[in-house]
């Protein structure tokens, strides 16, 4: 870190500099963060406690809930602290660490959503062979591969970013540290960093999106061959929750990363949805219209109360 001696801290501007708006925003996003923690923790508890939910689909859903807890916890505490504090500084090393975990958890979630899309394809196209194809070894392997690929990808980007010099400009027009917002602050040549980040995004995020689209193309092809309209409706309904999560995650994530790091209100809105709102909504998406989850919750309530 000798190259960083010229600058030891960044300033995170956060969501607002208005002293009257900041307490309101703090209360709002504290509530969002608490709902995220409670909702995802309950999903983890319900799935772990009910043997009826020990299937590949809910194994992946449990991993998704854990990831949402991690992803939101990377950015929310510092954002909430800055809303109440006048000192909005963050050490360069801490900023790089936050950028690493944002990238790693987001990349893991992208891979996991692709694995869940494949799970839905197998369940619909080969229901009789589902338990054999989606074995516990395959499910565990897909999850470990998701974590490993994302962390290696994030590590490569961060190791290259560690060598950057940050000299004069120290203000980040955002509520969190992300690689795309750090590069404009550097007085070093960041062309290699941009190329690596672009390649990582294309291979990792667009690659997983292609896998999801292919899985759903096969799902649609399979369902359309079902003669019964009731059967088609039931098959599509099993994918609705996952498809909603995919749209929220990739829609807000891609727009957030494609917009320039300017601190504009539109950029903030999509970043907040990607970092905080989507992790809060995922437990609701998978529980409100899911009869198995609601039945498991009722069984757990009857057992303990």
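Every residue gets a Cβ built from N, Cα and C, even glycine.
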The annotated transmembrane segment range in TrEMBL, which must be one of 96-118, 165-187:
96-118
Cβ contacts under 8 Å made by the transmembrane segment (20-47) with residues that lie 6+ beyond its boundaries:
53-54, 58, 61-62, 65-66, 68-69, 72-73, 76, 79-80, 83-84, 272, 276-277, 279-280, 282-284, 286-287, 293, 296-297, 300
Averaging the per-residue pLDDT over the domain 'G-protein coupled receptors family 1 profile' (39-286), what integer do you get?
86
